[in-house]
Every structure is written in C-alpha cells, then in structure tokens.
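K.L.:
Among the features that TrEMBL reports, domain 'NADH:quinone oxidoreductase/Mrp antiporter transmembrane' is placed at 23-287. The annotation transmembrane segment is assigned in TrEMBL to 59-80, 92-114, 150-170, 177-195, 201-222, 234-253, 273-293, 321-342. According to TrEMBL, the domain 'NADH dehydrogenase subunit 2 C-terminal' annotation covers 289-342.
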Amino acid sequence: MSPYALSVLMSSLAIGTITTLSSTHWFLAWMGLEINTLAIIPLMTKMHHPRATESATKYFLTQATASALILFSTTINAWVLGEWTITNLNPMSSMILTIALAMKLGIAPFHLWLPDVLQGLNLMTGLILSTWQKLAPMALLIMINQQLNSSLLVMMAILSTIVGGWGGLNQVQMRKIMAFSSIAHLGWMILILTFSPTLTILNLMIYILLTSSMFMMMINLYSTNINKLATSWLKTPTLSASMMITLMALGGLPPTSGFLPKWLILQEMTKQHMGLISTIMAMSALLSLFFYLRLSYSISLTTAPNISNSNLMWRTQLKPLMILPATIILSLLLMPITPLLLTTIT
C-alpha cells in the first residue's frame, strides 16, 4: 500500500475515534464510528487474498447493521425526549443501543463475526482491530453507564466469558485464540460497567497493553499458529520467554498486570452482594487460563521436535518494534502501582 494512502487511513482512524470520544451529540458520535469503520476496511483488504476480502465483507456487514441500530435508537430517543444529548436516554433506546454497541465490540451473543474476521487479516491490522477499534464503542458505553440495563449487561458478560474461554480451547490459530481472548476480556469489562466505570477503564487499558504486546511479539516471531510458535526459541529465546509470561498475564495469574483487573472486579462484585455471579466469572476465567497455559507450554515444552533445518530462522532477520520492550514491562509489572493507577483514573 502507498505510504500516502496508509497515512490518510491511519489519520482517519484517529479522527473517527477522537470525534466519538469528544462528542456530546449522538449524530456526531455516530459519524465518528462510521469514519472508523470505513477507514479500516481498505487496511483489511490490502492483502490480496480471498480470505481478506471475506473478512472485510463480514466486518462491513456487521458494522453497518450495528450503525443502523445506533441511528435507529438515537432517532427514537430524539423523538421521545426531543434532544440528541448522549447522556439522556429512554429505556427502549438504551436497550437497542446496548445491543448495537455489543455488536460493534464483539460481545457474546453477537460475537460470531470476530474470530472469522480476525483470522483473515494480517497481524498488524488484527492488532488495530483488537485494540484501537474497541475504544470508541467502549467510550460510548462508559458515557451512558448509568442508563444501561445492568441485568442485560451481566447476562452478556457471563455469556462472553464462557464463550471466550470455551471457544478458544480447541483452536490452533493464534489470531482466533486472540479473538476469543478479546471476547472473554470484554465480558469482564461490561460486567463491572454499571457498578464501577473506573474499573472498566482500568481493565480496558490493561487489555490493550497485553493484547498489543502479544500481537507485536507474534509479528516479530512470524507466528500465526501453535506449530510456528513452537519454533520461536530458535529465533529469540528472550522474546519467547517474555511471550510465555505475557500469556500468563492474559490468563490473570498473579503477580502479573492481568491479575489486577480480575481481582478488583471480583472484589467489587462481592461488595455488591453478587457472590454467585462472581463465582461463575472466576470459574469461566479458568477456561481461558487453560488455553493460555497450553500456548505457554507449546512455546517451551510440549510441541516436539523444537528444531528447524530452515535457513529462515536466523535471529539476524528479526526487526523488533521499538515500543515492544515498554509494553512487555507494563504488561508484567503494573501490580505494585495499583493505588496510583486507580487514583489517576478516578
């Protein structure tokens, strides 16, 4: 792709998200989401392959449906209340809007497009789809958190964590595993949304850090499935060890940064006297932990033989991304500064 075209598309992605984040009017927020969607589709199709075209088509149809629902719900809201302000919603518009934003994010039961779309993309576009594209819809949910139906959100959260854990168990493709990981993490975010939006923001920040680290390591190691991941020790042992620990952070094992949001969310849910839901969420997190540990073991121990006769495995061919060391460190060592993070977000 031409550098000029790429710069225009990346600028459009940034402008779309910033427009939605800074808007107080529903129509402007909808325009930002549309700019976002239209800017990423050319990035999806830059790989001239039928799978990429299929992914872009599925993404476009899903996002167009969600955008139509957003416009429909906000028009009903303007008709009933006589205003387009984001913070005022009637119950019917609130429910339709929740479903539309869940479709945009890939929250269960509206998640079926996400694994297939992510599998058809290259790793850099997958990184953008898994991180940057989550910001605008999640910001809208946080802005209207007091007017959302908490029972609907809790049901979708439980379903997302179970589907995210269960769906990733038998996958061998790294992009599909990251898609189901995204679904499970989104479940944790929307569970706590109406009770403590601060924890949702914290969870989103840590999810973006962990997912960015994983995708950048996969880009450096050229690993798109478990078999390629098993030979990563031949390329760079240090990066492979970092990937193992980052996978454990994604699973939420202490003392990594991934444990932090799960611990705080379960604590808050217990304060809200929702012990049964907390137990279900904790148990469903074990499903996700299983496939993260499976990936960790495949890097280090279990997939044999870990040798290669190919001359493409020389370490001199690697070109590490400059931001990668910082994201790895932040992914692993945020636990000690938990009070500072919470104070800053609040």
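Glycine too: its Cβ is placed from the backbone N, Cα and C atoms.
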K.L.:
So if I exclude everything within five residues of the ends of the transmembrane segment (177-195), which remaining residues of that chain have a CB under 8 angstroms from its CBs? That is, six or more out.
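P.N.:
Beyond its ends, the transmembrane segment (177-195) has Cβ neighbours at 102, 105-108, 111, 114-115, 117-119, 126, 130, 134, 138, 141-142, 145-146, 148, 150, 153-154, 156-161, 163-165, 167-168, 171, 203-204, 207, 211, 214-215, 250, 261-262, 265, 268-269, 272, 277, 281, 284-285, 288, 291-292, 295.
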K.L.:
Of the listed stretches (92-114, 150-170, 273-293, 321-342), which one yields the highest count of Cβ-Cβ distances below 8 Å with the transmembrane segment (234-253)?
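P.N.:
When the Cβ pairs under 8 Å are tallied, 273-293 comes out ahead.
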K.L.:
Cβ under 8 Å, sequence separation of at least 6 from the ends of the transmembrane segment (92-114): give me the contacting residues as numbers and ranges.
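P.N.:
For the transmembrane segment (92-114), the list is 33, 58-59, 62-63, 65-67, 69-70, 72-74, 76-77, 80, 134, 137-138, 140-141, 144, 147-149, 152-153, 156, 159-160, 162-164, 179, 182-183, 186-187, 190.
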K.L.:
Checking distant contacts: for the transmembrane segment (150-170), what same-chain residues at least six beyond its ends satisfy Cβ-Cβ under 8 A?
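P.N.:
95, 98, 102, 107-109, 111, 115, 176-177, 180-188, 190-191, 193-195, 274, 277, 280-281, 284-288, 290-291.
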